[in-house]
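The following features are taken from TrEMBL:
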TRANSMEM  B:25-48  transmembrane segment
TRANSMEM  B:54-73  transmembrane segment
TRANSMEM  B:106-125  transmembrane segment
TRANSMEM  B:132-155  transmembrane segment
TRANSMEM  B:189-207  transmembrane segment
TRANSMEM  B:238-255  transmembrane segment
TRANSMEM  B:275-305  transmembrane segment
TRANSMEM  B:312-333  transmembrane segment
Amino acid sequence: MNAHVTRSRPLVEMINIQKSFGGVHAVEDVSIDLFPGEVVGVLGHNGAGKSCLMRILSGAMAPNAGTIRMGDEDVRFLSPQDARRQGVETIYQTLALADHLDAPSNLFLGRELKTRWGNLDDKNMMEEARRVLHRLNPNFKNLSDPISRLSGGQRQVIAIARAIYFKVKILIMDEPTAALGPAETAMVADLIKQLRSEGIGIFLISHDMHDVFDLCDRIVVMNRGRNVGGYCIEEVTKDDVLSLIIKGEMPDGWRPRNAARTPQTGLSSN
Amino acid sequence: MSVEVDRLAVPFAGVKISSDALHKLSALFTLFMLVGFFSFGNAAFLSVGNGLTVLLQTSVIGLLGIGMTLVIVTGGIDLSVGSVLALSGTVAGLAVKAGIPVPLGMAMGIAVGALCGAVNGIVVTKMRITPFVATLGMMLIARGTALQITGAAPISQLGEAFGKLGNGSLFRMIGMGSNGLPKVIFPGIPYPAILLVVVAVAVGFMLRRRSIGRHIYATGSNEEAARLSGVEVDRTKLAAYVMSGALAGLAGIVLMSRLVTAQPNEGVMYELDAIAAAVIGGASLMGGVGTVSGTMIGAFIIGVLRNGLNMAGVSAFIQQIIIGFVVIMAVYVDQLRSRR
């Protein structure tokens, strides 16, 4: 299941992205792309700039320089709404849920379903929420409870449901399994595979090497704000990846694990 | 019911009662206890006339409390409402004194209130100053302006029309007594009380059924989450402050109309009564929690307490002490409830 076989045009290209806070360069001249039906692991230390890069793509943060290209157009995301309008959905590590509201309210927060008179259509939202949440977790019953009374797994399910309910083309998942038990982690893995087969492109931020090797088609490693390498998952071993994450370079005398393939750089060619 | 604080299944005749409703019921129960207690002490307490007096007295705190609830639910606080009330009332008074028709003058008063609220909102959202400090500043600015433009003197002789809103009533029935003099059969429902009901229903509807209401709760519950979900957090907060200011303006003209005098010194410490009403009604100063109906009950608890203690001849100072205790107890009970 490798997207490069199709070799279609990338869903999104982030080109020479730069972001600094005061004197600190959080993201320095990073380019990255994503193809339809591809899962790209974005790896790196805490503070390597991966979350920052993803926040720029999700519209939560504006870059100092660089362009984001979707299709033939250069896009500018000034707010999360802008990104969502282009089909970029994000599952944040913090989940970004309002604790006092119930599941349907969170699912539709910021894009509520309304009746003809512009009032909130709570009934319709509840039905839709029940439908989409049931698909992810058939045991999800207490939909009208506020989020604060739900388990970590249920919250995660709501955050995921919110991202995939609307027409998603690019999904950013920031540590989607960090708070989950084994069964729920397997559910998320299945979901990622299913979304990939539907042609959705996924950026997966994860610290879990098992997840990365299980799910990703390609990895991009960041170190101190720089993109230090992009490889197909078949080319690298866990040790190679750890070396990239920690040292920022491959071990001495590195050769692709699967030497038949040419290295696939994550750097954009233009 | 998406905004309930926390819902616990209380088996009560097979019906699930949310703990939010439970809190409201307990507050309502407290209110009835108070009414029962005071009417036991003084038969005149339970008369229609006194009931209407309580309604009239509570309408001002109620209007302020509704606006305060909106701001508190966003996670903020509005300390300026008492001063804005005075400024709006005096602006309306000065306008009417200058010959502007009463409805227009009063509309100007409300507009000034909304403007003060807008300044609060802009200072909070754009200058990133905490609501406490921002509205504390506005409290001083509005009070100072009210005193300056009037020379600290009350504006009286505003004419009968100015007093209509605060003193008039609907369905007032006057019959002829047996002695040939007019006799009030039913004193009527005071306009301020009608205004309060209309505002409470409208704002309650907005909070529950409109997306701005949902966004107000979301902003107070988790501002960052709301922002990332596409809620225009700044605009939502601004709207809450503008509404609070406008309602303070409305309360101002109601109060000044009742006195038929524009008093720049009116409304000192009213913000605290408004906060108390919201908090007794279950609003959380941490944001995300609070309802108009709860605040109404809170406002009436304060109103009934004040009125009943007055009739029992308890001094104003003791009243303050008692209300202070009530506020602390209300928050304590609320915490016990959410700890479960």
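Positions of Cβ are set from backbone N, Cα and C atoms, glycine also.
Beyond the ends of the transmembrane segment (B:312-333), by six or more residues, the same chain brings 23, 26-27, 38, 41-42, 276, 279-280, 298, 301-302, 305-306 to within a C-beta distance below 8 angstroms of the stretch. Among the stretches B:25-48, B:106-125, B:132-155, B:238-255, the one making the largest number of Cβ pairs under 8 Å with the transmembrane segment (B:275-305) is B:25-48. Note: the stretches the transmembrane segment (B:106-125) and the transmembrane segment (B:238-255) are in contact (3+ CB pairs below 8 A, sequence gap of 6 or more). Note: the stretches the transmembrane segment (B:238-255) and the transmembrane segment (B:54-73) are in contact (3+ CB pairs below 8 A, sequence gap of 6 or more).
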